[in-house]
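Engineer: Dumping the structure here so I can ask a few things about it.
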Amino acid sequence: MKLLAILLVLPALCFGQRHEGPGMGPGMGPGMGPGMGPGMGPGMGPGMGPGMGPGQGQGQGQGQGQVGGSKCKGGWFLIGQQCFKMMSRALKWNDAELMCEQNAPCGTPVLGGVMTIPDIQTSNAVINHLKSLSSTAMAIDIPFWTGLHNKWNALLERYEGWKWPAGWSTTQQPLRFVNWAPREPNNQLLDQQHSYCARMNRMGQWYVVRCDEPMYFACSMPVSPPLVGGANTNPGMGMLVENPAPIINGYTEFESGLLMRNGVGGP
């Protein structure tokens with residue numbers, strides 16, 4: 001009997017603890033595929049979990065609908081060499097990172113993290129995907145976390161440098177792509193007491209802000225198995241090698257009433 005009880009509990013641990021749960025924030029679009037049964041986390045089917053637009057489905061099915069390819073599962077969709085998952089909560093960066101790790105599909109060899117943007121194509125695709133999920137998206141410039149962060153190391157008494165989440169296999173490569181807004185990164189903000197993270201605006205540009213501000217976010221992880229030459233990261237001191245111009249000229253609006261009530265505003 002004890003062995004049977006253990007076997008029954010293990011699947012629940014795998015599928016239950018890695019999902020947000022129902023009703024955790026405003027919807028931001030229609031569901032993206034039919035649910036596949038009574039799962040324990042939010043699905044991506046109609047009414048089966050928080051969407052990313054006017055759709056407000058609340059439920060606990062674990063949908064298997066997919067966008068951009070079949071290499072991503074459990075509500076994750078493919079952009080380039082990464083699987084993405086849009087989350088419906090505004091969290092501090094560290095809490096967002098933890099939620100991304102917990103939401104990685106079972107059996108994944110690498111951790112998920114707050115979204116990594118290794119190139120201009122990924123940046124464009126992420127913004128276009130946000131726009132496609134709703135007829136109203138981003139006009140009030142709802143900020144989103146990126147995974148880029150610069151943490152203060154109290155032991156070494158220095159900043160660690162701008163880098164992407166540690167779940168990437170190419171962590172030791174330099175930062176080859178940046179899309180900082182004009183006059184960013186603003187090093188005058190760094191006060192040797194707080195860690196700083198990069199948030200993305202509706203144009204895809206990055207701004208330096210303290211990591212303890214709540215913002216909306218998306219998770220990303222390499223396709224499994226990771227492809228060669230995937231992410232560009234930086235464990236060093238954040239030397240910038242390029243700064244592209246703004247990448248999106250048009251935009252649409254978010255459902256501002258719902259989002260603003262969560263304390264997330266523009267730049």
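For all residues, glycine too, the Cβ spot is worked out from N, Cα and C.
Feature list, courtesy of Swiss-Prot:
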- CYS100-CYS219: disulfide bond (DISULFID)
- CYS197-CYS211: disulfide bond (DISULFID)
- 79-220: domain 'C-type lectin' (DOMAIN)
- 20-64: region '11 X 4 AA tandem repeats of G-[PQ]-G-[MQ]' (REGION)
- 44-68: region 'Disordered' (REGION)
- 21-24: repeat '1' (REPEAT)
- 25-28: repeat '2' (REPEAT)
- 29-32: repeat '3' (REPEAT)
- 33-36: repeat '4' (REPEAT)
- 37-40: repeat '5' (REPEAT)
- 41-44: repeat '6' (REPEAT)
- 45-48: repeat '7' (REPEAT)
- 49-52: repeat '8' (REPEAT)
- 53-56: repeat '9' (REPEAT)
- 57-60: repeat '10' (REPEAT)
- 61-64: repeat '11' (REPEAT)
- 1-16: signal peptide (SIGNAL)
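Locate each feature and note its surroundings.
Structural biologist: Look at CYS100 (disulfide bond): DSSP puts it in a helix. There are 26 other Cβ atoms within 10 Å of the Cβ belonging to CYS100 (disulfide bond).
Around CYS197 (disulfide bond), the C-beta neighbours below 8 angstroms that are at least 6 residues distant in the chain are TRP93, TRP145, THR146, LEU148, HIS149, ASN150, VAL208, VAL209, ARG210, CYS211.
Counting residue by residue with DSSP, the domain 'C-type lectin' (79-220) contains 26 helix, 37 strand, 79 coil.
Mean predicted confidence for the region '11 X 4 AA tandem repeats of G-[PQ]-G-[MQ]' (20-64): the pLDDT average there is 37.
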Engineer: Across all chains shown, how many C-beta atoms besides its own are within 10 angstroms of the C-beta of CYS219 (disulfide bond)?
Structural biologist: 28
